[in-house]
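Taken from TrEMBL, the feature transmembrane segment covers 187-206. Positions annotated as domain 'HAMP' by TrEMBL: 207-259. What TrEMBL records for 267-366 is domain 'Histidine kinase'.
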Amino acid sequence: MPFLRTLNSKLLVSFLVVVLVTVGLTSLALGFITGSQFSNYLRRGAEVRSQSLATFLVDSYLKNGNWQEVQEVISGLTTMMGDHIVVVDRSNTVVASSSEELVGQKIEEPQVWTARIPLLTDQGKQIGTLYLTGGRMPGHRRMMEMMGGGTGGMMGQGGPMSSPITVVDPSSAGLEKQFLDSIRNSITIVALISLALAIVISLYLARSITRPLQDMIRVTRSISEGDLSQRVRADSQDELGALAQSFNIMANDLAKQEKMRRDLVADIAHEFRTPLTTIRGYVESILDGVKKPDQDILGRIGAETERLTTLISDLQELSRAESGKLSLEKKPVDLNVLVEEVLPKFEKESPMHRGAPRRMKIMLFS
């Protein structure tokens with residue numbers, strides 16, 4: 001892909017993929033956990049309310065010996081619990097109901113219910129049954145087993161109805177849906193904000209990583225074109241900063257080597273120019289008839305020629321030394337003879353200079 005040819009785009013895409021995967025998995029996990037925990041919360045709340053209601057019904061019956069006070073309480077609890085409540089005695093006669101018109105009617109067991117709770121005294125005697133119909137209670141079977149009741153059956157609404165009991169949609173189901181929808185919307189908004197921040201941060205990080213590399217590329221091209229004065233900014237203290245510092249050290253070494261090369265070329269040109277000038281002067285003197293080509297003149301020309309040959313040999317040895325192929329042949333050297341061979345050349349060509357003779361002697365002796 002053309003877009004992924006640059007390191008900047010590759011880093012940006014990598015950061016975004018990591019963020020998208022992380023935010024996506026976190027959002028899914030958070031939504032699932034929130035929905036599961038909220039459903040468990042509603043179920044446990046419904047279980048507690050149902051058992052509390054059953055306990056109240058038993059206590060009221062034992063206290064009064066009848067169900068007279070139950071209907072008033074049931075009417076008030078219907079709205080709060082979000083269920084259609086039906087209480088029957090041992091003969092299946094409705095003694096209290098959310099629908100007061102059912103009171104006094106003898107009915108069969110409701111065909112559609114979410115909880116069937118036997119009303120038992122402390123001695124285990126059943127005095128009636130509490131039905132909750134139309135409510136959402138995923139754990140009602142476990143709750144009824146805990147209370148000693150049967151699991152009954154949950155029949156579909158298409159089954160035959162043997163009683164006038166109707167199913168009322170509970171308000172808790174709507175509240176649960178609204179709550180979960182609000183949680184999902186909040187998670188979506190947070191995920192989008194996180195994604196936007198991730199894009200901004202990814203752009204900043206990608207550019208902070210690639211900017212020094214782009215600077216190095218620019219400086220490298222300048223150095224390859226002969227401009228050894230260019231340097232890379234080394235502001236950071238990380239690996240990129242260390243790389244920039246190493247690059248600048250290399251550039252400084254290249255600049256020093258280039259200066260040494262130029263100085264060497266200038267020195268070589270000077271060393272060649274001196275004997276060539278001497279030879280040219282002798283040859284022109286002979287051609288002009290000023291001097292005769294006697295033994296002394298020819299000897300001097302030969303000496304300068306030998307000096308040129310020595311310079312060429314020295315250059316060859318220098319080349320071998322730079323390539324690591326120079327082998328030095330060490331042997332005893334008589335320094336007196338060496339000085340006597342070199343001194344006449346400097347006696348004739350070196351002019352007088354101002355200096356401190358004593359200090360110069362100390363320098364030579366050292």
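Here the Cβ of each residue, glycine as well, is placed from N, Cα and C on the backbone.
Keep in mind that TrEMBL annotations are predicted by a computer and have not been checked by a curator.
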- Note on the structure: In this predicted model, the domain 'Histidine kinase' (267-366) has a mean pLDDT of 79
- Item | Beyond the flanks of the transmembrane segment (187-206) by at least 6 residues, Cβ under 8 Å | 7-9, 11-12, 15-16, 19-20, 23-24, 27, 30-31
